[in-house]
Structures are given as structure tokens and as C-alpha cells.
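For reference, the structure discussed in these notes is given below.
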Amino acid sequence: MALDIHAHRILILDFGSQYTQLIARRVREIGVYCELHPFDMDDEAIREFNPRGIILAGGPESVHEANSPRAPQAVFDLNVPVLGICYGMQTMAEQMGGKVEGSDLREFGYARVDVVGKSRLLDGIEDHVDDDGVLGLDVWMSHGDKVTQMPGNFNILASTPSCPIAGMYDDARGYYGVQFHPEVTHTKQGGRILSRFVQDICGCEALWTASNIVEDAIAQVRAQVGSANVLLGLSGGVDSSVVAALLHRAIGDQLTCVFVDNGLLRLHEGDQVMAMFKENMGVKVIRADAEKQFLDNLEGEADPEKKRKIIGRTFIDIFDAEASKLENIQFLAQGTIYPDVIESAGAKSGKAHVIKSHHNVGGLPEEMNLKLVEPLRELFKDEVRKIGLELGLPYDMVYRHPFPGPGLGVRILGEVKKEYADILRRADHIFIEELRKADWYHKTSQAFVVFQPVKSVGVVGDGRRYAWVVALRAVETVDFMTARWAHLPYELLETVSGRIINEIDGISRVTYDVSSKPPATIEWE
């Protein structure tokens, strides 16, 4: 009998915290399957989900305000362990008969909590031991309200000077609340705390591993598709590349990929995609060379949003044209990942964090009547990368920096021209090449060059050069919601600038963007 990698599962209820997805990712890293649902998930759905444990996440609301969200009653009727984090602890306390009040002393940022209770959750977990034997944890706090009276049968787990009940526990029922955030890296022992809850208290086995996920996904694809044929829009990005590798392993020649080369890709990228998938892996890939069509449609357009729409529409037109030449296609594969699913599921609650979704294909002729196959829809981006490696994709492809869907079309400010794209491609290649040589590529989260349609005077030998300006952009970020500009060494910047100006005739000046997000965005357009 096949292994059920979803058998041991944790339910996470979202009350709107910016950290909720992080909780899910941490649980998955432990090797346990979990799902994230809005706080107002109905009781019957919770019972059907049949979790081994439930985590109530944080949120921006105040428990003692009217109409603030509450956990469904089924959470406390299932007789499974429950961990409340921040707001989750507060609503748990309130719903079970305790009290929550506002506080004049808010706690945001690093804090030390004293572990004052003997519970299974924190037994043997500490960062410090005082001379008098008090155990301490370095944690991350983000709260204004606090629990002032615990429900019956609960004991104090942890405290701070301004928050005497910074944690509470009822070992008999497996109920725990912590006012701090174990899911963020600033809480040093957070991983151990979550592992203790998920594995030791809830009894979940580590079934959710890269190799098991691949085997399970292959079995599911084969069961869904049978002997039918599948079409995939291959972009060369991480998601579509992993889908291609996974489907090829599952169904072989039943998969056909269409790779639209829009002329706005990185240097040699089109050839690299074809070499990897068609030549090395034997995947059926149709390459549509459509540079002229994209550039013709973009001619004269300088507005960033309009450029995006033109590129999107042109892609769909070309993909449709190629797809219509194929016979006997029943399924369309897409690289939908779990954050896209969370967004649509969370929309009804109004509390969930909204994520910009990504779809490889925006539309297909209705007469094709294709069914969707989405083998990555349960996975976070970091999990997609791990199974990419498991499937044998090269590390450099799987961990390549993000590249926008419209490609260089939004890294050329203003109107897009072939001359600009060719210059930008070469400059970007030099920048990335030097980052790799200096061992800075994987220290940055995203790095690229922006073409600016302005000219500047330069001197080359004894002559005057009047040529284009480009900007280097490199950032460090964890979640791409905020980012700081990367403090690259001056020597590295000097090398990159020198190479770009000396090797590319059309550039006379190189600048470095030192804007963080916010207020700036990572991409310029």
C-alpha cells in the first residue's frame, strides 16, 4: 500500500498575521504536512480535515473589540492538541473563560521570557540559565493586548516584566499558548518549540519529505491524467521548470511543452532552456521564436502597465496559436503554488494576507476545453526548489534569482526596442557573472541591470562618447515584501562598471541603486 504523506496533518487557522505562512513553512520543514485556512473555517470542514493538532496563528485584531475573530468551536471539541500564538493565545484564553486586556506597555521586537512552568512544550528548551536557575528564551514579540487571567486548569508557562502571562499551558489536554512568535528566526529556539508541539505532543511523523512528495505527486498525476496528453507553457522559471521535470518523469511523451521566446529573456536563456529540457531530458518542447511579434506590439508604448498587458496578451496569442496545432490534448498544466491557493481561499475572510498570484497561462481558447493539472499546488516556493533538486534539475537553475514575467520589458524604462534589449542583456550577464565570481550571487536575493533611455557623456581614449546609462540593482530580502539594497563591495562594483563600459559600445555610465523597499519597489517598473 502506498505511503499516505498527508496522513499526519496539522491545521493552521489564519487570523491575518503577516507571519502565518511562515508558521506553515516551519511545520513543513519539520517534515509534517499542514494546511492554512481562514479562521472562519466551518466546524464540519475542520472535522473532515481530521488534524492531529491545530495552531491558532496571530493577527492584527484586538480580542476585546466587538466582532473580532474567534476560533471555531470545533477546535476545542476535537480533543487534539492546540497551540495558540500571539492573537491565537488571546482568543483561546478568552473563549475558554480567561480574560484579555489592552496594555500600556506594548512589546514589539526582541524580548527575553522567563520559563516559569514545567510543561511538555518547553521542557529542556532554553537559551539562558540564570544563577538562580531561571530558564530564559530569546524571542520575538509583536503584541499590545495581553492575557490577564488564564482559563481554568491552565498554568503560567512563561513571563516577562510587562507581560506576566507570556505563555500558558494545560498539559493534560495538550493546550498551549505563547505570546511570542516561534515561527520567526529571531526566536532562536522557535524551530525546536514547533517541532516539540508537532512531533512530540501531536504525534506526527516526518512523512513530508522531498522524495516522498515527488513519489506522491507522480502517483497523483498518473491517476488524474491516465493516458491523456498534457500541455505546459514552459517559461524557464523555477515553477514551470519543476512542473516540466515532474510531469516528464510521471507521463513521459504524453507531455508537450510550448516555450515562447519573446526576445526579452536573459542572454542565451532560450538556448539554455531548450538544451536542458529537450536535449538533456528528452522532453517534447516546441520553441516559438516570437521576438518580432512582441517588439512590434510594444512599439511606441512607454507606460509600464500597458507594456505588461501587451506582453501578456501577445504571449497568450502565441501560446494559443501553438496549442491549436496540437491534437488530442486534454490537460493544461500550470505552476500554481500554495500561496496562490491561500490567496483565493482567504479572500472570503477578509483577514488573510493578500499575495500576488502567478499563472503561467492567462487564457486559452474555450473550444479546447482543457482540464487543469497543478502538481505544485500544495507546495511553497522553497519546497518547489527542493523537489526540483530531487528531480535532478541543476542547482543554478533551481536557485536562480526571480525574473519578472514580462522579462526585460519592465527593465527597459519607457519604450522597448531591440537595441535596448540587446545592450541590457549583455550588461545583465556581466553583472551576474561577476557576482558569481565574487561569491555574492547567493548572498543577494535578486540582482539585475536596468536600462535607462537617457544618454550621458563619457570619454573613451581620446574620444568623446555619448551613450546610454544603466543602473545596477541588488537586494537582500527574506519575503520580497520588504528588502534592503545589498551592500556590495566597492571593488566588485568597480569591476562590474569597468567591464560593462569597456565591453559594451552603447553604455557610457553605470549607476548603483541604493533604494530599499519600501519606499522603492525592487523592480523599477
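Note: Cβ is positioned from N, Cα and C throughout, glycine not excepted.
Since the structure is predicted, the reported quantities are computational estimates derived from the model, not experimental observations.
Feature annotations, reproduced from Swiss-Prot:
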DOMAIN    9-207  domain 'Glutamine amidotransferase type-1'
ACT_SITE  Cys86  active site, nucleophile
ACT_SITE  His181  active site
ACT_SITE  Glu183  active site
DOMAIN    208-400  domain 'GMPS ATP-PPase'
BINDING   Ser235, Gly236, Gly237, Val238, Asp239, Ser240, Ser241  ATP binding site
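Structure coloured by features recorded in Swiss-Prot.
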residue: His181; record: active site; contacts (Cβ under 8 Å, 6+ apart): Tyr19, Gly58, Ile85, Cys86, Val139, Trp140, Met141, Ser142, Thr187, Gly190
residue: Glu183; record: active site; contacts (Cβ under 8 Å, 6+ apart): Tyr19, Leu22, Ile23, Arg26, Ile85, Gly190, Leu194
residue: Gly236; record: ATP binding site; contacts (Cβ under 8 Å, 6+ apart): Phe259, Leu265, Glu269, Gly270, Gln272, Val273
residue: Gly237; record: ATP binding site; contacts (Cβ under 8 Å, 6+ apart): Gly335, Pro402, Phe403
residue: Val238; record: ATP binding site; contacts (Cβ under 8 Å, 6+ apart): Lys381, Val384, Arg385, Gly388, Met397, Val398, Arg400
residue: Ser241; record: ATP binding site; contacts (Cβ under 8 Å, 6+ apart): Leu234, Met276, Phe277, Gly388, Leu393, Met397, Val398
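His181 (active site) carries neither a helix nor a strand DSSP state and counts as coil.
The average pLDDT computed for the domain 'GMPS ATP-PPase' (208-400) is 86. In the three-state DSSP assignment, the secondary structure recorded for Asp239 (ATP binding site) is helix.
Packing around Cys86 (active site, nucleophile) is summarised by its Cβ count: 26 other Cβ atoms lie within 10 angstroms of its Cβ, all protein chains included.
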